[in-house]
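> Mind looking over this structure? Questions follow.
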Ligand SMILES: C[S@@+](CC[C@H](N)C(=O)[O-])C[C@H]1O[C@@H](n2cnc3c(N)ncnc32)[C@H](O)[C@@H]1O
């Protein structure tokens, strides 16, 4: 487990390919988030005391399960406060990170943060997911977006047999997976680095018959 904010920063800095510019983008994100959180309720105020553990590493740890080379976009569902989408884009600025968010104030926040962080390849899609045009993507991520069965139902149309799904699910990961009616055997749970009780549902829909 990552114990504190210093350990969290050091853990991110040691990730492959992370340089001073990437760390500066994340420091800026934290600064902007703290400021914006005084105007709109993006994350709980308490979580800002350990923002690097609770939000930055919690997002960045997904990279361990993502392909190194992304032939297509990384689609993040319900990016809201920016997690994990903005963190992934900060650490992989060459990746095409698509952040779907439906609430107007959050769309505006994401766009301001994206521009300030210089994330030219990332895109905020300010729509309900149901309205987003179908296209194949390399990764689908979603933190605190919807229960697993609903999430899969809403977004399977973006998945190919190679799309990697990375779904931080907190303490409910195992239970949500065990209750899944369809595609259960295509996923497993990885331990989160930020909370001993939390898991990340990881998998692909390889061999699925219906999109
Ligand atoms: C609980 S928040 C989580 C935000 C962020 N992923 C995080 O972990 O901090 C869920 C976000 O999903 C957005 N959302 C919910 N349903 C949506 C939909 N159908 N399409 C797009 N965004 C949606 C909400 O507006 C909200 O910002």
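For all residues, glycine too, the Cβ spot is worked out from N, Cα and C.
In case it helps, TrEMBL gives these features for our protein:
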- 78, 83, 129, 130, 143: S-adenosyl-L-methionine binding site (BINDING)
> Using a 10 Å cut-off, grab the number of neighbouring Cβ atoms around the Cβ of residue 78 (S-adenosyl-L-methionine binding site), all chains included.
23
> For residue 129 (S-adenosyl-L-methionine binding site), just count the other CB atoms lying within 10 A of its CB, please.
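For residue 129 (S-adenosyl-L-methionine binding site), the 10 Å Cβ neighbour count is 20.
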> Where among the binding-site residues 83, 130, 143 do you find the Cβ with the fewest other Cβ atoms within 10 Å?
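Among the binding-site residues 83, 130, 143, the lowest count of other Cβ atoms within 10 Å belongs to 130.
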> Could you give the maximum C-alpha to C-alpha distance in Å for the residues 78, 83, 129, 130, 143 that bind S-adenosyl-L-methionine per the record?
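Max span of the S-adenosyl-L-methionine binding residues, Cα based, is 20 Å.
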